[in-house]
Amino acid sequence: MDRRQFFKLCACGATTSAISALGLMPGTAMAAPREYKLLRAKETRNNCCYCSVGCGLLMYSHGSNGKNAEKAIFHIEGDADHPVNRGALCPKGAGLVDYVNSPNRNHFPEVREPGSNEWKRISWDEAFSRIARLMKDDRDENLIEKNSDGTTVNRWLSTGMMTSSAQPNEGGFITHKFARSLGLVAIDTIARN
Amino acid sequence: MTNHWIDIKNSNVVVIMGGNAAEAHPVGFGWVTEAMEHNNAKLVVVDPRFNRSAALADCYAPLRSGTDIAFLLGLCRYLIETKQVNYEYVKAYTNASYIIREDFEFNEGLFSGFDDKSRTYDKDSWYYELDEDGYAKVDETYEHPRCVWNLLKQHVDRYDFETVSNITGTPVEDYEKVCALIGSTHVHDKAATFMYALGWTHHTKGAQNIRSMALVQLLLGNIGVLGGGVNALRGHSNVQGATDMGLLCQNLPGYLKLPNDNDTDLTTYLNNYTPKALRPGQTNYWSNYPKFFISQMKSFWGEHATAANSFGYDWLPKWDLQYDFTKHIDMMYKGQVNGYFVQGVNAINSMPNRNKTLAALCKLKYLVVMDPLATETSVFWQKAGEFNDVQPSEIQTQVFRLPTTLFAEEEGCIVNSGRWMQWHWKGANPPGESKPDAEILSGILMKLRELYKAEGGVLPEPIEAVNWAGYHNPYFPHGEEVAKELNGIDLKTGKQLDSFSQLKDDGSTSCGCWIYSGSWTEEGNMMARRDNSDTSGKGITPGWAFSWPQNRRVLYNRASCDVNGKPWDPKRMIVEWNHGKWHGIDVGDFNMTLPPQESAHPFIMQPEGVGRFFSLKLLAEGPFPEHYEPMESPIGTNPLHPNVVSNPAVRLLEGVESTLGSHNEFPYVCTTYSLTEHFNFWTIHCRLAAISMPETFVELDEILAAKKGIANGDWVKVSSKRGSLLTKALVTKRLQPLKVHGQMVHTVGLPRHGGHNALTRRSYSCNVLTTEVGDANTQVPEFKAFLVDIAKAEGV
Amino acid sequence: MSAQDIILSSGTSELTPAAQVRRKLSKVAKLFDATKCNGCKACQVSCSEWNDLRAPVGSFQGSYQNPMDLSSECWTLMKYQEVERDNKLNWRFAHSACMHCDDPACLTACSTKGAIVQHANGVVDFDSDKCTGCGYCVSACPFDVPRLDPIDQKAYKCTMCSDRIQVGQEPACVKSCITGALKYGTREDMLFIADLRIKELRKRGYVNAGLYNPEGVGGTGMIMILHDINKPQDYGLPADPKTSVPVKLWQDVVKPLGAAGIMATVAVACLHRITVGRNLVEEDEPAAFDHTHEDKSDKE
């Protein structure tokens with residue numbers, strides 16, 4: 001603010017309030033203080049990821065869905081067409097936008113080496129290669145092909161898996177095929193707790 | 001849920017017990033208030049705590065955690081005594097008239113066949129008496145002393161009001177009120193629904209808690225009708241889907257069984273799991289088991305599954321023991337496990353007995369954590385003061401942390417409690433380099449294939465054979481492709497199947513999960529449908545998404561009408577036989593080409609077609625529920641049979657007995673739960689949720705607080721035999737001590753919340769305290785009833 | 001485009017009303033039915049989410065109530081009280097936010113033109129850009145709702161989501177409400193629904209159920225059904241709220257007098273500006289004299 005602007009402002013501001021306080025100035029009409037923020041935002045339908053009521057969501061992201069806008073979700077509210085929630089959401093669901101945009105999201109594949117006290121960023125290819133190596137070594141050493149009665153059992157007990165119950169069915173089915181084809185028996189889900 | 005969320009509006013009495021719908025399933029609870037407002041329904045809440053469900057209840061009754069069976073068996077007794085039984089329903093649709101074997105008995109807390117050493121039952125006597133054709137004998141006169149009805153009456157006779165009150169601590173007058181309200185629904189034109197969740201499953205007799213409620217609902221004729229049912233509210237958004245997908249140690253998708261060592265070959269396996277009808281003229285739907293299984297093997301192994309190799313049967317791993325997570329963590333603790341994948345679970349704060357889990361993870365060679373969030377599990381090797389007291393340099397585990405997408409960043413189907421398969425769409429790209437789980441696992445699988453090709457190794461065949469060829473990009477199977485695979489196709493024509501009735505056992509159909517058939521047909525994606533019209537006004541929306549099986553919204557709905565196909569209550573018509581045909585507002589849960597008398601077996605998945613008061617050999621601890629104390633009992637005895645205090649059939653892993661505390665040392669019952677603002681360990685990373693509930697606390701009653709000199713907001717130490725934690729006290733009227741077996745029992749409530757790596761205040765995780773002993777059938781740990789001591793403490 | 005529906009505006013008098021030709025818009029209201037509320041906080045979180053507010057993460061203070069109080073970053077708050085009546089425990093939940101009084105004390109107390117307005121639909125809205133941070137609205141409000149922001153020194157409160165209402169949507173809190181404890185519609189409809197509900201409640205045994213719509217502030221744009229209308233304190237509500245006498249005096253008597261004083265101040269300010277310079281003034285009150293706000297409203 002330069003000297004001249006300040007002077008103008010000071011004078012105008014004070015005069016305006018004085019005159020209006022005296023009831024001498026006609027009122028200027030005002031628009032609503034805040035513009036509606038969703039007017040043309042891209043709307044995507046989804047379902048809440050928390051409990052199993054399965055409420056319908058409307059997610060709003062930046063851009064018009066054009067190829068040059070990176071869609072980032074900035075608002076989520078209930079889907080009024082959804083027959084179960086009819087637009088309503090619980091406080092967890094109502095705050096979902098902060099879950100999606102949590103500062104504690106993971107961004108890159110990382111490894112923590114034995115005895116180390118830090119993460120090291122690695123590429124996906126390195127992650128896949130190293131994990132596959134560890135799995136194969138363990139499986140080749142510990143897969144039980146036959147039990148003591150000679151029955152083919154093909155089970156691998158020295159590696160296990162705790163699976164997600166928030167991923168879609170399709171991911172779940174891929175997980176199941178992945179695990180059983182390797183011989184994993186000890187797969188479980190948080191359904192138990 | 002046998003019914004679905006909207007259907008709650010049709011109830012006359014809503015019972016919330018073993019759950020807290022207002023807090024854990026808030027929007028579902030909206031249908032309870034709907035029933036109260038528009039159907040004049042009464043809400044009954046039975047819970048150790050006066051919670052936010054109780055705040056709106058017409059009738060609240062407290063009970064001591066872990067005594068639900070006594071409460072419900074007393075209710076059964078009351079219903080029988082006062083003749084508030086739906087007799088027509090019981091006669092037509094339950095096994096009340098079936099005759100049980102002569103060698104079955106129940107004595108002093110034990111059923112026949114118990115073996116002390118192995119803590120298991122020989123269940124042979126828990127069965128029907130069969131006639132020469134292999135059918136169960138029945139006595140329609142109900143005079144036979146061993147018919148199920150008489151055995152049931154005898155079994156529940158011990159549970160009179162005083163006995164129940166003495167065990168549960170529920171004041172008799174509250175108990176009577178609850179009984180009368182629920183009993184009022186035995187008439188044809190009224191129904192009660194029970195809404196339950198982890199409050200019933202987190203016990204050493206969780207499955208029997210639910211069985212007890214099923215007995216009540218069968219007595220009242222409330223299953224298969226609008227506004228009734230057995231309604232598990234479930235947990236995660238897709239835990240229903242995860243169980244449908246068989247992500248459990250003994251399952252395959254669609255509730256098929258993972259073979260065990262006794263299923264030596266395909267023929268034996270199919271024989272063992274394809275039941276024979278126990279009464280004449282049954283649908284006995286599981287008789288189609290081979291069609292479901294062979295079609296599944298075709299989807300697993302593709303063209304590599306042939307009749308010549310038993311459709312790849314031998315490639316499936318076979319189990320010899322139940323390797324649930326508690327068992328596997330125990331093996332890990334003993335150094336028998338090298339690798340572990342943790343996908344979307346904060347294992348270290350979720351598994352019972354955190355200290356043991358931490359020690360177990362330290363013994364792994366490698367841990368792969370796939371998660372959208374930086375969980376405490378992924379940094380179990382990092383020191384975080386008292387919260388995670390470790391020395392990183394001493395931990396030799398290689399840990400991989402792989403970033404995954406979450407719901408908003410992927411397409412696919414999740415299944416809600418009402419079995420609705422709902423398709424969702426991607427709204428944004430994930431942060432950084434995050435990938436969907438399916439893409440990550442495919443990436444690892446492709447690397448394994450390369451390694452086995454290059455080096456050879458043990459049993460490479462299934463890794464080569466597993467069917468990834470059907471995906472246009474084997475490195476990233478798309479949701480749509482997999483969804484079509486789950487629905488199933490006719491391999492001859494290449495067309496999507498319409499229904500599981502088209503499945504074959506000769507390898508000519510492929511289907512990942514038989515119950516999902518019909519979800520993606522030649523017509524397209526049925527799960528993505530969005531017609532919300534409810535023309536009947538009863539909350540049935542057949543054009544919204546797809547409800548497995550067959551888009552059926554209310555299971556067992558044949559039981560909504562009598563044997564002749566006439567609805568018990570015309571206002572609650574789901575299906576009816578009219579002018580020689582079935583009509584209805586929902587897809588019938590029976591063969592709708594059959595006339596009513598021939599289809600009058602509503603429980604089509606059972607080989608006898610009826611609901612079971614006597615559950616045969618299905619559960620580990622008995623064909624009838626019985627009250628057993630929690631493993632850690634605040635009274636140290638069982639008033640019914642002091643020699644059998646707690647569930648005799650629980651699994652006690654080696655060394656676990658010594659981790660159980662006694663009521664002398666730890667006098668207070670502790671129960672864990674989530675509040676409305678909590679969702680496991682996700683909301684702690686969400687700022688809006690963290691603002692609404694920023695820190696952990698423990699709830700205790702005013703009398704206990706005064707006795708211990710604890711004021712509201714004080715720091716306290718809560719300890720169990722397994723560990724201790726510091727937190728703040730919330731002193732409240734909503735918890736009250738209960739008079740049990742001559743003593744006052746105090747309950748402290750510990751919300752399961754917080755962590756040391758989140759947006760909320762740094763805090764201990766409550767699984768420091770919990771026991772790993774679980775339900776005798778499911779091994780779900782007893783998170784809801786264990787013993788602690790509490791004392792005032794200095795703050796963190 | 002101006003709203004042309006401002007039926008009351010701070011800093012003006014009846015002789016010179018704001019543009020309000022659209023005054024025949026029907027009044028709206030939020031109906032909070034305490035007998036249906038289960039204290040879930042969906043309204044509270046939705047409010048913060050929609051309005052892009054994030055209060056600091058607090059700490060446990062002995063209650064489910066978090067944050068502990070309304071603030072410039074928390075416009076809607078669930079309040080919790082355990083009350084024993086007739087030997088029965090009741091857990092009372094109160095949806096605490098602006099009441100949108102018909103006779104708004106905040107607006108009466110405010111001397112800055114257009115900083116507080118009342119639209120023809122009854123919504124009392126703050127145009128915080130115009131706010132000078134004097135805090136009169138805070139002390140005048142009989143419900144203790146508006147709060148000054150500690151950083152920008154402006155007053156804030158619930159707008160009834162005036163941005164949603166103007167495009168035809170319900171407020172964010174109402175949309176989320178899971179049990180239907182919050183409803184939104186024309187004031188006429190809300191009063192009608194409330195009347196039916198209260199009759200129903202009396203039948204169900206709540207003989208003292210009633211509507212909280214206090215006369216002392218001319219009625220409110222948020223009306224409330226209470227289990228016992230004689231005990232508003234169970235919900236943290238005042239029994240008989242009214243615009244206080246000093247506030248009324250301020251508007252009707254003191255303010256006109258003060259205008260003369262302001263004229264004098266202008267003269268002093270000019271003199272001060274010329275003789276001393278601007279540095280001190282700007283450092284003292286940067287937000288209050290932020291010219292960007294003024295420029296913006298000039299354009300509108």
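If you go along the chain as it appears here, the first residue is 1 and each next one adds 1.
Cβ coordinates are placed from backbone N, Cα and C, and glycine is handled just like the others.
Because TrEMBL annotations are produced automatically, they should be read as predictions rather than curated entries.
Feature annotation from TrEMBL assigns [4Fe-4S] cluster 1 binding site to C:Cys37, C:Cys40, C:Cys43, C:Cys177. The [4Fe-4S] cluster 2 binding site annotation in TrEMBL covers C:Cys47, C:Cys158, C:Cys161, C:Cys173. If you look up TrEMBL, you'll see C:Cys98, C:Cys101, C:Cys106, C:Cys141 marked as [4Fe-4S] cluster 3 binding site. Sequence annotations record features per position, and here TrEMBL assigns [4Fe-4S] cluster 4 binding site to C:Cys110, C:Cys131, C:Cys134, C:Cys137. As annotated by TrEMBL, domain '4Fe-4S ferredoxin-type' applies to C:28-58, C:122-151.
Sequence features annotated in TrEMBL and their locations in the structure.
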residue  : record                          : DSSP (3 states)
C:Cys37  : [4Fe-4S] cluster 1 binding site : coil
C:Cys47  : [4Fe-4S] cluster 2 binding site : helix
C:Cys101 : [4Fe-4S] cluster 3 binding site : strand
C:Cys106 : [4Fe-4S] cluster 3 binding site : helix
C:Cys131 : [4Fe-4S] cluster 4 binding site : coil
C:Cys141 : [4Fe-4S] cluster 3 binding site : coil
C:Cys158 : [4Fe-4S] cluster 2 binding site : coil
C:Cys173 : [4Fe-4S] cluster 2 binding site : helix
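A C-beta separation below 8 Å, combined with a sequence spacing of at least six in one chain, links C:Cys141 ([4Fe-4S] cluster 3 binding site) to C:Ala105, C:Cys106.
Listed binding-site residues C:Cys106, C:Cys134, C:Cys177 compared with chain A at a CB cut-off under 8 A give C:Cys177 as the close ones. Put simply, C:Cys110 ([4Fe-4S] cluster 4 binding site) is 16 Å from C:Cys98 ([4Fe-4S] cluster 3 binding site) when counted between their Cα atoms. Taking Cβ-Cβ distances under 8 Å and a sequence separation of 6 or more, the neighbours of C:Cys110 ([4Fe-4S] cluster 4 binding site) in its chain are C:Ser10, C:Gly11, C:Ile116, C:Cys134, C:Tyr136, C:Cys137. The 10 Å shell around the Cβ of C:Cys101 ([4Fe-4S] cluster 3 binding site) contains 28 further Cβ atoms across the protein chains shown. Beyond its flanks by at least six residues, the domain '4Fe-4S ferredoxin-type' (C:28-58) meets 64, 66-68, 71, 73-78, 80, 91-95, 97, 100, 121-123, 158-161, 164-165, 171-187, 190-191, 193-194, 197, 201, 206, 209, 220-227, 235 of its own chain at Cβ-Cβ distances under 8 Å. Straight-line distance linking the Cα atoms of C:Cys131 ([4Fe-4S] cluster 4 binding site) and C:Cys173 ([4Fe-4S] cluster 2 binding site), rounded to a whole number, equals 25 Å. Nearest in space to C:Cys101 ([4Fe-4S] cluster 3 binding site), taking C-alpha to C-alpha distance over the binding-site residues C:Cys47, C:Cys158, C:Cys161, C:Cys173, is C:Cys158.
For C:Cys173 ([4Fe-4S] cluster 2 binding site), the nearest of the binding-site residues C:Cys37, C:Cys40, C:Cys43 in terms of C-alpha separation is C:Cys43. Listed binding-site residues (C:Cys40, C:Cys106, C:Cys173) with a CB under 8 Å from any chain B CB: C:Cys40. In this structure, the C-alpha atom of C:Cys177 ([4Fe-4S] cluster 1 binding site) lies 16 angstrom from that of C:Cys158 ([4Fe-4S] cluster 2 binding site). Taking only the Cα positions, the spacing between C:Cys43 ([4Fe-4S] cluster 1 binding site) and C:Cys158 ([4Fe-4S] cluster 2 binding site) is 12 angstrom.
With respect to Cβ neighbours within 10 Å, the binding-site residues C:Cys43, C:Cys134, C:Cys137, C:Cys177 differ, and C:Cys134 shows the lowest count. Residues C:Cys98, C:Cys101, C:Cys106, C:Cys141 make up the record's [4Fe-4S] cluster 3 site, and a Cβ search at 8 Å around their centroid adds C:Met99, C:His100, C:Pro104, C:Ala105, C:Leu107, C:Val124, C:Cys137, C:Ala140, C:Pro142, C:Phe143, C:Val145, C:Pro146, C:Lys157, C:Val217 from the same chain. Those same-chain residues not listed among C:Cys110, C:Cys131, C:Cys134, C:Cys137 yet with C-beta within 8 angstroms of the centroid of the [4Fe-4S] cluster 4 site C-beta atoms are C:Ser10, C:Cys106, C:Ala109, C:Ser111, C:Thr112, C:Ala115, C:Ile116, C:Thr132, C:Gly133, C:Gly135, C:Tyr136, C:Val138, C:Pro146, C:Ala155. Those same-chain residues not listed among C:Cys37, C:Cys40, C:Cys43, C:Cys177 yet with C-beta within 8 angstroms of the centroid of the [4Fe-4S] cluster 1 site C-beta atoms are C:Asn38, C:Gly39, C:Lys41, C:Ala42, C:Met78, C:Phe93, C:His95, C:Cys173, C:Ser176, C:Ile178, C:Thr179, C:Ala181, C:Leu182. A Cα-Cα distance of 16 Å separates C:Cys37 ([4Fe-4S] cluster 1 binding site) from C:Cys47 ([4Fe-4S] cluster 2 binding site).
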